[in-house]
Amino acid sequence: MQARLTKADIHYWITSAIGIFIMLFFKFIPAPEPITPIGMEIIGIFIGMILLWSFIDPIWPSLLGILLLGCSSYASMNQILMNFLGDATVVQLIFMMILIGALVQSGLTDYIGRWFLTRKVINGKPWMFSFMVLLGVYALGATSSAFTPIFLFWPILYGIFKELGYKPKDKYPTLMLIAVVVIAIVGFSAAPFKDGPLILLNNYTTLSGNEINYTAFMGLTLPLSFLSIISIILLMKYILKPDVTLLKEVNTEMFNKNPLPPLNLKHKILSVAFIVYIIVMLLPGLLPADSPIRPFFNDNKYGFALAVVCILCFIKINGKFLIDYQSIANNHTQWSSIFIIGAALTIGNALTSDVTGVTPFLSKLLTPIFEGTGEITFIILVLILGLILTNFCNSVVIGIIFLPIILTFTQSMGIMPAPIIAIFIFVVLLGTITPAASPFSAIMHSNKSWLDSNDIYKYATLMTILILIITILVGIPLSNILF
């Protein structure tokens, strides 16, 4: 029997052909000044990758992009491959995924989520219950992966909704399921040791030669995150006004019916290891500038995740290794993210190098927009533009494109780039609205049983705009104090 092509198959092959065509032949378009022929070659590879990442797949377009860049006139294949998976940021990311995967695989994240749901303050208080759910989502999103709180709290909420009598696509369940994803992404955006912020912070260091203090970054993002959670609760309670009468039956006994076993030695060691990892990552910002040990922690921060994983792999409990590296690597290493980030960093750095002429071209193109604007107006325009674009393309990629542009204009305007870069990184990672914005948003759009696409676009947009407003009103002045 002959196989028939489906609409999805046709879309795959046509879009793939278009993407590959752009990657191969864009370089033959005459280059506008001051872009060089090498620049056109790299732009074509980059545009093709973005198209294929957004609509096809993260893996093979990344590999094809690296292959074509290695065959280009920009640099040798050996150099490109070293930059692709040999970059310190990518290596750090891989071992960070192993460490976080160990927490998830051990079940430790279940205990964190359960703690937030067993506080007596939620008894009979619908909006306090909602607040504690989102606070738990944020805590897990910031300390593990944005996937973890989604996959942990969604099933819990399904059970509560069904027990209380809510139906799929009722207003309150719709709002809470969307809010869980939005706040999980906020948690992902707020922690400087997580993959998205980490990549962009390190890219800023590569471009400028300066570092953004991780402690100061968290000093900015934690208040913004907390205010975002409160504001979303207030938005739901006073403006969107879902019926929460049934939620007055919620109490801690609903979650204590199936108690978790006591924490074991493995859980405790993993908890301590993760806390130690966070502390050593933040130490360079906490120690005095003249501290003799500060250079050690600052110079070796890329290796701390590796060090913690090494120690955990060494430890045995009851004859078994504390973490099973192979099992965790198979189940919790997100190679799609690693390949996208490795390729985006490699090609992004090539794109903004002096030999391409791309940065001067973008500066020339955007000067009419930004010229004559004050500092505040410039920041607001950058945040809005970044937030719009990030909901149609990979967030990290948009960040990598924008960082050199922000640096160029801050230098010409005579203002400090660090405060703007910090709040921009927080905002540009909020890919919350469209399926192409982030894998987390794609999961939300795939939940057809409980969510309607129109509701997702409407409510996720409202919540994201609210976070943007908070960032503008609070984040801009706070960033100028912290940096």
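Cβ coordinates are placed from backbone N, Cα and C, and glycine is handled just like the others.
According to TrEMBL, the protein has these features:
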- 12-30: transmembrane segment (TRANSMEM)
- 42-69: transmembrane segment (TRANSMEM)
- 81-107: transmembrane segment (TRANSMEM)
- 127-160: transmembrane segment (TRANSMEM)
- 172-192: transmembrane segment (TRANSMEM)
- 212-236: transmembrane segment (TRANSMEM)
- 269-287: transmembrane segment (TRANSMEM)
- 302-323: transmembrane segment (TRANSMEM)
- 335-356: transmembrane segment (TRANSMEM)
- 376-409: transmembrane segment (TRANSMEM)
- 421-444: transmembrane segment (TRANSMEM)
- 456-478: transmembrane segment (TRANSMEM)
Honestly, do the transmembrane segment (421-444) and the transmembrane segment (212-236) touch, with at least three Cβ pairs under 8 Å and pairs 6 or more apart in sequence? yes
Per the Cβ filter (under 8 Å) with a sequence gap of at least 6 from its ends, the transmembrane segment (456-478) is approached by 174-175, 178-179, 181-182, 186, 219-220, 223-224, 227-228, 231-232, 235, 240, 376, 379-380, 383-384, 387, 419, 423, 426-427, 430, 432-434, 441, 444-445
Which residues of the same chain, at least 6 past either end of the transmembrane segment (335-356), have a Cβ under 8 Å from a Cβ in it? 35-36, 38-39, 42-43, 45-46, 49, 53, 58-59, 61-63, 65-66, 69, 74-75, 80, 83-85, 87, 89-90, 93-94, 97, 195, 199, 203, 206-207, 394, 396-397, 400-401, 404, 439
What stretch in 42-69, 212-236, 269-287, 302-323, 376-409 has the biggest tally of Cβ pairs under 8 Å against the transmembrane segment (172-192)? 212-236
Looking only at residues six or more beyond either end of the transmembrane segment (12-30), which have a C-beta under 8 A from one in the stretch? 5, 37, 40-41, 43-45, 47-49, 51-52, 55-56, 61, 64-65, 68
Going through 127-160, 269-287, 376-409 one by one, which has the most CB pairs that fall under 8 Å from the transmembrane segment (42-69)? 376-409
So if I exclude everything within five residues of the ends of the transmembrane segment (269-287), which remaining residues of that chain have a CB under 8 angstroms from its CBs? That is, six or more out. 99, 102-103, 106, 108, 143, 192-193, 213-216, 218, 263, 293-294, 297-298, 301, 304-305, 308, 311-312, 315, 317, 322-323
Would you kindly list the residues that approach the transmembrane segment (376-409) from elsewhere in its chain, counting only those six or more residues past its ends and only Cβ-Cβ distances under 8 Å? 50, 53-54, 196, 199-200, 203-204, 207-208, 340-341, 344-345, 348, 351-352, 359, 362-363, 366, 369-370, 417, 420-421, 423-425, 427-434, 436-438, 441, 464, 468, 471-472, 476
Thinking of Cβ pairs under 8 Å, which stretch from 127-160, 212-236, 302-323 has the most of them with the transmembrane segment (81-107)? 302-323
